[in-house]
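Feature annotations, reproduced from Swiss-Prot:
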ACT_SITE  55  active site, thioimide intermediate
ACT_SITE  62  active site, proton donor
BINDING   77, 78, 79, 96, 97  substrate binding site
């Protein structure tokens, strides 16, 4: 089932050899395309092992692997635009928790997914790692209940956490 050119009109970055890498937070770079399988639930997961942002107080770099999982509805995020968007955090100064919530909010605004979760596993600084997790399920649907369940059971058993 090949996509029609009209379905890809909003996808401008994929295959573009003149990619402009932005060094400041740029949510406008995010692009979406239509989901051809709206009749079923399925997860899309992105693993982004090279996320970088800056500490808002010291300006020191913070490094993380970011996991973004979502159940799409009508729209899906285009992966190259997501890569460029995440790269735009390179010189953005914010706390880890804020970065994960900003990412989730921007993706909700772009796609209006049924469900989404964003998990950042930051490398230690000062001997402590921070792993913020945030999620969202569309209000009034089974996905809202799913979000509540996943949040209440997230990292419930520390002995089974293997993220380092």
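Every residue, even glycine, has its Cβ placed from backbone N, Cα and C.
Cα of residue 97 (substrate binding site) to Cα of residue 55 (active site, thioimide intermediate): a distance of 11 Å.
Across the structure, residue 78 (substrate binding site) and residue 62 (active site, proton donor) are spaced 25 Å apart at their Cα atoms. In this structure, the CA atom of residue 77 (substrate binding site) is 25 Å away from the CA atom of the residue listed as 'active site, proton donor'. Within 10 Å of the C-beta of residue 97 (substrate binding site) there are 14 other C-beta atoms, taking all protein chains into account. Spacing of residue 55 (active site, thioimide intermediate) relative to the residue listed as 'active site, proton donor' is 7 Å (Cα to Cα, whole number). Here residue 79 (substrate binding site) is positioned 23 angstrom away from the residue listed as 'active site, proton donor', judged by their C-alpha atoms. In this structure, the recorded positions 55, 77 were compared by how many other Cβ atoms lie within 10 Å of their Cβ, and the smallest count belongs to 55. Annotation for residue 96 (substrate binding site): same-chain Cβ neighbours under 8 Å, separated by at least 6 residues, are 53, 62, 64, 120, 122, 130, 132. Its Cβ placed at the centre, residue 78 (substrate binding site) has 21 other Cβ atoms within 10 Å. For the residue listed as 'active site, proton donor', the number of other Cβ atoms no farther than 10 Å from its own Cβ, over all displayed protein chains, is 21. In the three-state DSSP scheme, residue 62 (active site, proton donor) falls into the strand class. The local packing around residue 79 (substrate binding site), expressed as other Cβ atoms within 10 Å of its Cβ over all shown chains, amounts to 13.
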